[in-house]
There are 4 protein chains.
Amino acid sequence: MRKKVNQHQLEGWINHVQSFTHLGKVPDYIPALAKQNPENIAISIVHLNGECIKAGNLEHTFTLQSISKVISLALALMDQGEDYVFSKVGMEPTGDPFHSIAKLETSNPSKPLNPMINAGALAVTNMVEGSTPDQKVGRLLSFVHELAGDNSITYDEEVASSEFKTSFLNRSLSFFMKQTGVVEGSVEELLDTYTKQCAIDVNIQQLARIGAVFANEGKDLETGRQIIPQHYARICKTFMVTCGMYDASGSFAIRVGIPAKSGVSGAIMGAHKDLGGIAVFGPALDEKGNSVVGMHLLEMLANREDLFIF
Amino acid sequence: MRKKVNQHQLEGWINHVQSFTHLGKVPDYIPALAKQNPENIAISIVHLNGECIKAGNLEHTFTLQSISKVISLALALMDQGEDYVFSKVGMEPTGDPFHSIAKLETSNPSKPLNPMINAGALAVTNMVEGSTPDQKVGRLLSFVHELAGDNSITYDEEVASSEFKTSFLNRSLSFFMKQTGVVEGSVEELLDTYTKQCAIDVNIQQLARIGAVFANEGKDLETGRQIIPQHYARICKTFMVTCGMYDASGSFAIRVGIPAKSGVSGAIMGAHKDLGGIAVFGPALDEKGNSVVGMHLLEMLANREDLFIF
Amino acid sequence: MRKKVNQHQLEGWINHVQSFTHLGKVPDYIPALAKQNPENIAISIVHLNGECIKAGNLEHTFTLQSISKVISLALALMDQGEDYVFSKVGMEPTGDPFHSIAKLETSNPSKPLNPMINAGALAVTNMVEGSTPDQKVGRLLSFVHELAGDNSITYDEEVASSEFKTSFLNRSLSFFMKQTGVVEGSVEELLDTYTKQCAIDVNIQQLARIGAVFANEGKDLETGRQIIPQHYARICKTFMVTCGMYDASGSFAIRVGIPAKSGVSGAIMGAHKDLGGIAVFGPALDEKGNSVVGMHLLEMLANREDLFIF
Amino acid sequence: MRKKVNQHQLEGWINHVQSFTHLGKVPDYIPALAKQNPENIAISIVHLNGECIKAGNLEHTFTLQSISKVISLALALMDQGEDYVFSKVGMEPTGDPFHSIAKLETSNPSKPLNPMINAGALAVTNMVEGSTPDQKVGRLLSFVHELAGDNSITYDEEVASSEFKTSFLNRSLSFFMKQTGVVEGSVEELLDTYTKQCAIDVNIQQLARIGAVFANEGKDLETGRQIIPQHYARICKTFMVTCGMYDASGSFAIRVGIPAKSGVSGAIMGAHKDLGGIAVFGPALDEKGNSVVGMHLLEMLANREDLFIF
């Protein structure tokens, strides 16, 4: 049963959450993110019929950060197949932080528990087809262009370069996985690709449209062409449910119940099979790393429209 | 959009999985379970209109074991409220085994990660109203009678007593939680209640009907009376999605995508909002502790009827 | 080369450390210990020729607490032999806290890493010969009488009973080990024995004399009779070096370099092969659980008399 | 009380352990080590008066590997002082494997538990004075020349280069510590220095002589000049006692009781205050990574000469 929200509702919700913009904290450990204005907030929904509504600061762009993990997973599944991908990366949620390395050591066999934690995402990005970082990044961007229906999207060089210089923990995870055979090839090239992938820069409407393709079982909204095979789109949405919101995935599933993926830039992308793609944005984060404003917007949306899927 | 399955389909599936009955292993660490015949298999669906279909060995009864964790969670939420329950037990899935104690020590604050692992389930059972084990068990049984619409259900004394005598790990978990303030009162009384709760004895149709109440948002199928408040029924189903199938919860969500809870007796209870309650049974377990036949039945059901919910 | 200290030196040191008596904290989690006066401090040395010197509050008695782990280890080795004891308990130091349970779960095979952490000490006490707690406690007391040359020593019933009532973590450890086969028999009886063993009550001179038997390679100071076989006395001293001072064992070995065992009552027992037995006492503890005054006294003694053994 | 062993005894022991040369396994994960002949075994003792005795294959040279950790620790202490070194690296033994990373994550503050595990040794090598890897390696070699009294010692380029190419786990550890501020500067330069340090190539007599300087409290055997300050030599010997033999440090302390450091090349260096420096060699390793022949030689030596130090 298709559901719809209208422009007026979105504007009401945006007004309501203005009072939360200064709760939470803009993260300071990524210099390029630290400069963001917490009052730049936005929401957009792309319905399954392609209709787009939006409210808030619509010009502002932001980087995908961890939201890109869902996109690289879809592409790696298409490039390498399900069996190969899950021979290297697990399917299970974890109670450990997204950047944790301890489980790589204590699990037997050693593989990252799922593709939404950093270790798993690095392993997945490493599987994207391409013999150089440029080729891989090029393919990731082309895929994003298809999903968003917009060929102008690119990555933010300043953010990518700033993260590349300070990604010591991701290098640690990658070298650990190189030791155990989960990652092959050059770690520096992997980090180059990964930081550019995380730095892909979008606006609120583009993000909602990407979410809408997942909501639409992988099919282009207008042409109905299967951009992502249905089964892979479902795999991606399942990981959004079980591990999409960092250490708050379980409580988010209870309180909101929409497949969603969060990024440290303050964006969250949702994909609801009866409603469509959802994008919310607000730079100030709660202690789990999720946008405070974004969480409020999704909770309001879910409760008022009864979007709970279980 | 309501979905339906017919008797004939169930019988076909039961015939199909006969060839899997001797894959997997009947667990030998609980003497009362070790005697089970792996060929006693069954399936039942209770549709949302109350109609029940079933196939396989319909007379055989089995104990709820870990499936009871969903039921005690619903009752504890009704007895103590959401805030109290989740002040003691977390909401997050975990990559650790269901019987693990290590995270109780390394998490800060120390609380069981969720109500589906043993530590969390013990803490939840301890919250069920009642001043003695008899009162608590009495209330749990009355609640099961309401859910199943059958007042004859009781617990298997032999199974309960056998598990009570050998539950050293659950005592270890309980004493650890007594130290940290998650569990209060007598550990021996808690184990008495818990092992009886796990030993509640049902047949396949009764289990499907319990599942149907969860599927029906907590409402009685005939009268529409709200046996479990909607919000609590949803909480229970969310935990079934994120942590219902032990260490295979993540891959089950991908392959099957139905909220479900598994027990070591070989039963699995599902709750699907468009179909109803589902119960499958087969005593031989895979290495994750889930019924081999049960997993096959649910996978067939999900794929043929397209029950994937995300 | 035998070393000697004189009465005058001890008195000087005791005067010097008076200024430290109010650093650190008297632990409040054991009610019977919380009442101790931090100014009750004492030191005693029993030289290898049997000569005893002492200074400070000589009347005050205190319970052995963890120091008893060395004594029960010696008795269990004599009762069961080295092979049996170390089939159940390891020989390796650990970086985890003395009360930790996580390693019991993650080690394969599951055995406590050494006899100085609580899990290992409980397993060792369980091996002391005797069919009832009374018999085991009786044998432990007789052994202490022999070591101290004083048949009047007994346990403090109030301390024992207070610890018995609140030993939830030790019960958790014991039940975990019962599950894995490291501990046999009744956990409640084990806790009864263990809390009485920890509550054995001595004065400063008695403790120094016990240490002197270990220093003297297990031989009675006067008669030369081998109370503990030499090899077992050495095993005990080795554990005092590698794991005797909780999480400060490594830094203590560097700064002091004397085999020593600490207890939460504020006592420390040392055993130096060229000097003899050493006992120091002061109830206020540092954050690692070692007596602040005791550590200062041992550091002064070691540096001024050059007792470093490596 | 000085102790002495004679040439004749050494030869008897070498003959005795011939029968053990094919127990254990020559490690195959370092190609340059995999080629070693397990029958190339040797022992040497350098007494405190400078007299050297030796038996077995005296021409054969081998790389220091982890034995170099003791040497770099002494040099880092001399370069940076005790306070600085131990602000970055702990003093406590650990029950985890020498290459483990999990504790870096779970310890708070994050620092390697001690300088004998790989993480700690990498941090220590990083502290050796010098602005380039060449300068640091040059200083390490000069220091080894002084200790061994032999300026011809250098590192094995093939071993160094082979380890440099495959040190993924050490890179993982180093990047983790770069993230937490324990390690500064270039990780590749650190690995360059570290793999050359581990590849320093010595014969059995040179190694025994290095051990003798530690045994002699840091003083040159002939001139009495203090090459290593006494306190630092003692610190090094203490770590040899508590963590020198990988995961067998505790049982080695019980069975042998001599400060000793083991390397994966099959060499072990001992330092006994009454006897002098001890070197044993045999390429086949037991499952803990210690030379099978070397362990037998040390155990025989300790028991026959009663070298137990506690």
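Glycine is treated like the rest: Cβ placed from N, Cα and C.
Straight from TrEMBL, the features:
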{"type": "BINDING", "residues": "D:S66, D:N118, D:E163, D:N170, D:Y194, D:Y246, D:V264", "note": "substrate binding site"}
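Structural mapping of features recorded in TrEMBL.
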residue	record	DSSP (3 states)
D:S66	substrate binding site	helix
D:N118	substrate binding site	helix
D:E163	substrate binding site	helix
D:N170	substrate binding site	helix
D:Y194	substrate binding site	helix
D:Y246	substrate binding site	helix
D:V264	substrate binding site	coil
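Long-range C-beta contacts of D:V264 (substrate binding site), restricted to its own chain and to partners at least six residues apart, with a cutoff below 8 Å, comprise D:P27, D:I30, D:L33, D:Q65, D:S66, D:L285, D:G289. Counted over every protein chain shown, other Cβ atoms within 10 Å are most numerous around D:Y194 among the binding-site residues D:Y194, D:Y246. Those binding-site residues from D:S66, D:N118, D:E163, D:Y194, D:Y246, D:V264 lying by chain A, with Cβ under 8 Å from one of its Cβ atoms: none. Farthest C-alpha pair in the substrate-binding residues D:S66, D:N118, D:E163, D:N170, D:Y194, D:Y246, D:V264: 19 Å apart. Using a 10 Å Cβ-Cβ cutoff, D:E163 (substrate binding site) registers 24 neighbours. D:S66 (substrate binding site) is surrounded by 23 other CB atoms, counting those within 10 A of its CB over all protein chains shown. For the binding-site residues D:N118, D:N170, counting C-beta atoms within 10 A of each C-beta gives the highest total at D:N170.
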